[in-house]
């Protein structure tokens, strides 16, 4: 049985994320046999050690069939591909089943036929332990956190469970739990959409910018030479940020550099309105270096930049990086970065054409 769309692409499917040991799927108007669907799902989640799969056919009001599937695994099934569970062109509604008991009861409320394999794991009455039972064994903190990791479905739920189960640790070590939450449930990078209509930059020397783009951004597979970064200095309201952000997938930093959300799949970086003295690892960024160590705030030191990508630095005249550098720093900067200084009237967008029939303003 074929699986449709099982590869991650650069389409909006990047925004999807599923992570849970209990997965609830509903295939609407699906004529496939429950056994065939169940066997396919069992095979599909083999990497996460399936322990139970229930596949139920239900009659819909219009006379067609739905297929409900409850899949339980020893390890959380994780995917960022919205088409991961597609079967022969049928795309399911995908949910994290917080209560496996309720989901199973719902799926079995009026079955036409069903198929199941493995041993159903009822939801624990409390995976934090029941201290009211005299012979109950108190869970260790490691067991508690392990259960929270397996059962939480998002960052907020994870932190809420930690707060409830380990209030003292939550109060005294919150920054570490926030760090682990970001690692377990990383933010999905949103595709930037410019709020302005597409237009041609009104530059005195567009060839300089176009040449930099061609040599350093558009030739992604060229590894013969290390790329050069780009420094753009000019007034505000000239469209620098919108233009730079519209070029492709990127890491964007404004006011400060936040390494915790570094996107390894980004094609370039943008440093927007950050003074030179407050930019960490500026040599690594400007020099398009790879595999360097950074120190995220409240997080552990880590290695980033598995590939060489250029950085676009955007600055206004009052925060000119070159003015704040030593001669040695300027030498390194100029050797690794193209510079474009906007002249009066230059901008990274074109003004709309004025109609010949437009009436002149009566304002004085």
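Placement of Cβ uses the backbone N, Cα and C atoms for every residue, glycine included.
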* So which range, 154-166, 167-179, 180-192, 193-205, gets flagged region 'Oligomerization' in Swiss-Prot? -> 180-192
* **Among ranges 219-237, 238-256, 257-275, whichever one Swiss-Prot labels region 'Transactivation'** => 257-275
* Structure fact -> Swiss-Prot feature motif 'RCR-1', matched against 20-23, 24-27, 28-31, maps to 24-27
* Of 98-101, 102-105, 106-109, which range does Swiss-Prot call motif 'RCR-3'? -> 106-109
* Candidates 35, 58, the one Swiss-Prot lists with 66, 68, 110 as binding divalent metal cation -> 58
* Structure fact -> Here Swiss-Prot annotates motif 'Nuclear localization signal', and of 297-308, 309-320, 321-332, 333-344 the range meant is 297-308
* To do: Round to the nearest Å and give the CA-to-CA distance linking residue 236 (ATP binding site) with residue 110 (divalent metal cation binding site).
  => 64
* What else in the chain is close to the motif 'RCR-3' (106-109), if you only count residues 6 or more beyond its ends and a Cβ gap under 8 Å? -> 54, 56, 58, 68-70
* Asked: Within the motif 'RCR-3' (106-109), how many residues are helix, strand or coil going by DSSP?
  -> 2 helix, 0 strand, 2 coil
* Asked: What same-chain residues lie close to the motif 'Nuclear localization signal' (297-308): Cβ under 8 Å, and 6 or more beyond its ends?
  -> 175-176, 178-179, 182, 226-227, 258-260, 262, 264, 284, 288-291
* Asked: Measuring Cα to Cα, how many angstrom lie between residue 239 (ATP binding site) and residue 58 (divalent metal cation binding site)?
  -> 55
* Asked: How would DSSP class residue 241 (ATP binding site) in three states?
  -> helix
* Where DSSP helix means H, G or I and strand means E or B, what are the helix, strand and coil counts for the region 'Transactivation' (257-275)? -> 3 helix, 5 strand, 11 coil
